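This report concerns only the one structure given below.
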Amino acid sequence: MNFRVDVWEGARIALTSLRSNRLRTVLTTVGIGVGVCTLLAIVGIIQGLNSSFADQLNKIGSNTLQVSKFPWVMNGDWWAYRNRKALSLDLVEPLRNASEHVVAVAPMMFINAEVAFQNRKLASVQTMGTSPDYAMTSSVEMAQGRFLTEADVDNRSSVAVIGAEIGKVLFPGINPVGHRILVDRRPYRVAGVIVERGTVLGQNVDLVVMLPYPAFQGHFGTQRDVVMALAVDQQENVPRVQDRLTETLRRERNTKPGAPDDFAINRPDQLANMYKQLTGALYGAATGVGLITLLVGGIGIMNIMLVSVRERTREIGVRRALGARKRTIIFQFLMEAASVSAVGGALGTAVGMAIAWLVNFLTPLAAAVQPMTVVLGVSFSAVVGLLFGIWPAARAANLDPVEALRHD
């Protein structure tokens with residue numbers, strides 16, 4: 001009997017055995033399937049998080065900086081940051097001149113206000129006072145009309161640039177440009193509508209009104225916290241610019257030598273690093289849960305295969321007496337273990353992909369399972385079956401034919 005015949009015979013008997021012990025086969029399959037499903041579902045969700053977060057950072061821009069009282073990643077007392085001295089508009093020019101690589105500096109101040117047009121209203125809309133440079137610091141594109149101009153700032157013009165969603169809600173089927181909206185019951189002429197941008201770090205940036213900052217201060221007062229947004233000519237110059245900004249801010253704010261900075265210079269890569277730490281921990285947890293579940297499933301396969309060997313001792317003895325080789329017996333039991341495990345892996349993969357699809361359908365996350373992940377999931381589950389089937393297969397092959405024939 002050659003090896004090819006051994007393989008075919010072992011496979012045929014293994015499949016026959018699996019069909020004749022359906023309940024045992026199903027229970028073993030479920031154990032492996034749960035492990036693979038858990039692993040793939042979590043990995044798919046994390047991949048969706050990665051995609052969504054990368055998209056969010058792209059909207060912020062890798063060559064941008066923000067100067068604020070508050071760091072984006074806080075590791076201390078919130079009140080300590082809150083009590084820092086506020087930034088002032090006097091910093092715009094010093095920051096612009098801090099480095100030749102700074103191409104734009106836009107002050108930003110915020111308040112939530114009611115926005116209305118005729119009988120349509122939107123409550124608590126983010127209203128921002130800023131300058132024309134904001135278009136460069138945030139890669140703003142216009143769908144209609146224009147952005148703010150230096151003339152708007154110099155003349156304290158009562159003009160507004162609105163987000164795409166405000167245009168849709170307040171001006172259905174109408175070009176908003178030229179119409180007057182009421183922001184906190186004060187009229188502003190719409191100069192332009194921004195291209196739809198979606199959400200950035202959980203905030204709907206299409207639901208925003210932008211005013212020239214002098215008009216904003218004239219309306220809402222000058223006691224608002226100021227945040228400075230800066231654009232740098234090239235991403236590789238960002239660290240160098242940050243150093244120059246630190247020197248400039250400490251000098252302009254009269255920070256004493258040796259005293260800690262009383263401001264924060266925020267960069268998108270700080271968020272990226274924090275996110276990598278978070279997802280790294282999630283990946284570790286997901287891998288651990290999946291491997292433990294697969295280990296439990298593998299032990300289940302081994303135990304069930306050992307029971308199968310004990311129940312089929314006489315059958316094995318008969319086959320050995322009729323000339324079946326050890327390797328045929330080994331292959332038969334390994335085939336059973338690997339088949340059950342692979343089927344469990346395939347079912348677990350299908351359920352895991354379905355969960356990822358549901359997350360993608362029901363939430364903003366672009367959860368997805370990559371094809372290579374599917375291949376690895378099924379392959380790894382089959383390997384688990386092979387590894388945990390080795391001992392039962394070896395025990396079956398090493399049974400003494402005479403003793404096996406005497407087994408009741």
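For all residues, glycine too, the Cβ spot is worked out from N, Cα and C.
Here's what TrEMBL has on this protein:
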DOMAIN    25-247  domain 'MacB-like periplasmic core'
TRANSMEM  26-49  transmembrane segment
TRANSMEM  281-309  transmembrane segment
DOMAIN    289-401  domain 'ABC3 transporter permease C-terminal'
TRANSMEM  330-359  transmembrane segment
TRANSMEM  371-391  transmembrane segment
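Residues 279, 282-283, 285-287, 289-298, 300-301, 304, 340-341, 343-345, 347-349, 351-353, 355-356, 359-360, 365-370, 373-374, 377-378, 380-381, 384-385 of the same chain lie 6 or more positions beyond the ends of the transmembrane segment (26-49) yet place their CB under 8 Å from a CB of it. Among residues of the same chain six or more beyond the transmembrane segment (371-391), those with a C-beta under 8 A of the stretch's C-beta atoms are 32, 35-36, 39-40, 43-44, 294, 297-299, 301-302, 305-306, 333-334, 336-342, 344-346, 348-349, 352-353. DSSP places the residues of the domain 'ABC3 transporter permease C-terminal' (289-401) in helix, strand and coil in these numbers: 97 helix, 0 strand, 16 coil.
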